[in-house]
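Encoded as structure tokens, the structure appears first; notes follow it.
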Amino acid sequence: MAALSAWFWNERFWLPHNVTWADLADPAPGVEYPKAGHLLSALPLALGIFAVRIVFERCIAGPCASLLQIQTELSRRAQPNAVLEKVFTSITKSPDSRHLEGLSKQLDWDVRKVQRWFRQRRNQDKPSTRTKFCESMWRFTFYLCIFMYGIRFLWQSPWMWDTRHCWYNYPYQVLTSGLYYYYITELAFYWSLMFSQFTDIKRKDFLIMFVHHLATISLISFSYVNNMLRVGSLVMCVHDTSDFLLEAAKLANYAKYQRLCDFLFVVFSMIFFGTRLIIFPFWSVSHPPITCLRAADGLLQSETRAAGFSVWVLVSR
């Protein structure tokens with residue numbers, strides 16, 4: 001493992017010439033650079049966010065759902081049957097005609113009765129509209145708050161107005177408290193989403209969302225350890241711009257405000273297109289590090305071979 005780690009974190013690949021990981025690990029007094037150990041603080045914060053989510057859904061989102069007359073649907077439960085339950089949990093939730101005929105003969109049931117049992121059993125596992133409303137309201141609240149924080153923080157940052165500042169004097173860029181809180185909070189939120197997948201009702205897209213959350217956590221952590229926080233903060237803010245609008249459209253849909261839902265979805269689509277396909281490639285990462293890694297005196301500091309790959313990793317979020 002030590003050899004693999006040394007190969008992956010090769011300084012010649014990741015860092016400019018004449019810069020080592022030791023240089024970043026031992027900064028001057030009063031100067032702080034990102035360290036891998038900082039990421040551990042996201043785990044207890046993730047548990048805290050998960051606990052806040054539970055309280056929020058019960059004490060705020062739940063009453064809002066009741067106010068909008070969104071109730072839990074009372075779906076008809078499937079008749080208890082050990083044979084069918086075993087097939088449902090260990091073999092298939094949607095048996096084909098061959099399985100249906102075999103189960104029909106084994107139980108001496110009509111094929112349509114077996115089909116009806118599986119349909120009712122699948123409906124039992126679907127989250128109710130009320131549950132989905134509460135989950136979307138929580139995500140809407142978090143995305144809106146973190147987006148507002150990101151805008152407020154980046155508004156005062158020079159790299160928001162000139163993205164070349166993302167790479168000036170890299171990697172000797174001081175870690176500020178604002179960047180630290182922004183990154184750790186985003187990371188903790190996605191850790192909390194990972195935790196909640198195993199406690200929430202299991203959905204059809206469980207594996208897809210698990211891979212998505214894992215990739216997001218990896219990319220945020222990777223950019224933090226490599227001190228790419230400036231460009232990373234722009235990437236996160238651009239992605240957060242449209243996320244809360246999608247959740248708002250979902251809330252309107254669950255509340256059966258169809259016109260509002262359609263309007264919000266159109267606004268979401270426009271902002272998603274503008275931020276992801278225009279602002280992101282032509283502004284956030286428009287100045288690659290290979291042309292911007294300059295010291296204050298304007299001398300080219302390095303032409304790191306990791307430049308293109310590093311931007312690609314951030315883009316993949």
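Each residue, glycine too, has its Cβ placed from N, Cα and C.
Summarising the annotation, TrEMBL assigns transmembrane segment to 36-56, 140-160, 180-199, 206-225, 263-285. Summarising the annotation, TrEMBL assigns domain 'Homeobox' to 84-128. Marked as DNA-binding region by TrEMBL: 86-129.
Between the transmembrane segment (36-56) and the transmembrane segment (263-285), fewer than three CB pairs separated by 6 or more residues in sequence fall under 8 Å, so the two stretches do not touch. Secondary structure of the domain 'Homeobox' (84-128), assigned with DSSP and counted as helix (H, G, I), strand (E, B) and coil, comes to 32 helix, 0 strand, 13 coil. Note on the transmembrane segment (140-160): residues 49, 56, 166, 178-179, 182, 185-186, 189, 230-231, 233-234, 236-237, 240-241, 243-244, 247-248, 250-251 of its chain, located 6 or more positions outside it, place their CB under 8 angstroms from a CB of the stretch.
Note on the DNA-binding region (86-129): mean pLDDT across this stretch is 76.
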